[in-house]
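Features of the protein shown, as given by TrEMBL:
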- C:37-54: transmembrane segment (TRANSMEM)
- C:92-112: transmembrane segment (TRANSMEM)
- C:124-142: transmembrane segment (TRANSMEM)
- C:163-182: transmembrane segment (TRANSMEM)
- C:188-206: transmembrane segment (TRANSMEM)
- C:218-236: transmembrane segment (TRANSMEM)
- C:242-258: transmembrane segment (TRANSMEM)
Amino acid sequence: MAKREESAMWSIFGYLLSGLLFWGGVGYGLDHWLGKSYFTLIGLLVGVSGAIYLVWLRFGRE
Amino acid sequence: MTGTLNLVGFGLAAIGPGIATGLIFAAYINGVARQPEARSVLQPIAFLGFALAEALALFGLVLAFVL
Amino acid sequence: MRELLRSGTGGGFVPPSSADFELPPVFGHNIYTTKPILLVFLSVILISVFFILASRKAAIVPSKLQFAGESVYSFVRNDLAKDVIGHDFLRFVPYLFTLFTFILVNNIFGIIPLLQFPSMSRVSFPYVLAITIYLVFHYVGIRKQGAIKYFKEIMFMPGVPKAAYILITPLEILTFFVVRPLTLALRLFANMFAGHLLLLVFILGGDHLLQGVIGLKLISPFAFGIGIVLTFFEFMVQCLQAYIFTLLAALYIAGALADEH
């Protein structure tokens, strides 16, 4: 059943990527709108923590 | 030759997570091979470790484009 | 093409780039007859002819051809469809089988002498394949569970505090509807693209070294040797990518069919 692990790995990759893209994108937009420079970093951190939380919900909670 | 140094930096930053992922799954395979019934215990730990290591690699990828 | 251009100039080494993938039309100026398109048509003809011949004179004691055809079929049917999708897998076998053989043959074109161009290294082919998978697995999921229940299950995971939905739901939506098909296509594309580029670097580099001074001529066999080793490595990667693409397609269908992910 190594196939489950293969799929789990790629969906973890997908979650992390979409977390970074979405919340990093929100931060980038806020930076442009408000003229600041730190929202992108905050957005990326929020995205990574949200994605890791989601991975924990999906795969780590046993 | 033209290009940006960010991509070189990303290449260097991807080495660490690459090695980390290898170590995590090597340990996971070892554990499952020695004790197949431990799989359900090891699986979440391996996946969380993989997620943390992969997060760093993707951070590098995103920052290479943003910075 | 580039060899002809380069040998005339005799200048420095031009490293291979993405321009090497934009091939000119084969017949005249018709842009629909470039090499990748012809290779795709060739692959369709090859696959059809092979499996028609393999299954035409089916017998209890199989001939070599029939055995080859049947082992590919049973690999997709049992190892991919049956293991992953479970019961009710039979109606997805034709789709998965087509996907697997099509990608496999098109990838292997990358190392067959004279053809030597993996048509999946043009990004539009993987995109189209990923779009078909996208349509199939969402259609199957909606058919099976009803639209509202299907989307609700994707967006709102049970057993999570309400406040966390703000953080998580966008990620689920983005993963399901954008990132998954995109990574599916880009993984295949990037592997074929990078593999072809790698072979070009070593073969063209060896060729360039051969035209240099005597010291460089002595190094060039090593470059060609690494090129040959990498060709076998590429063969492995090409088979593996066809397998992974089909496996993930089957897993997405299985995920859409299951009541809980």
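If you go along the chain as it appears here, the first residue is 1 and each next one adds 1.
The backbone N, Cα and C atoms fix where each Cβ goes, and this holds for glycine too.
It should be emphasised that the depicted structure is a prediction, and the values quoted were computed from it without experimental measurement.
With respect to Cβ pairs under 8 Å, the transmembrane segment (C:188-206) is most closely packed against C:218-236, considering the stretches C:124-142, C:163-182, C:218-236. In terms of C-beta pairs under 8 Å, the stretch of C:124-142, C:163-182, C:218-236, C:242-258 lying closest in packing to the transmembrane segment (C:92-112) is C:242-258.
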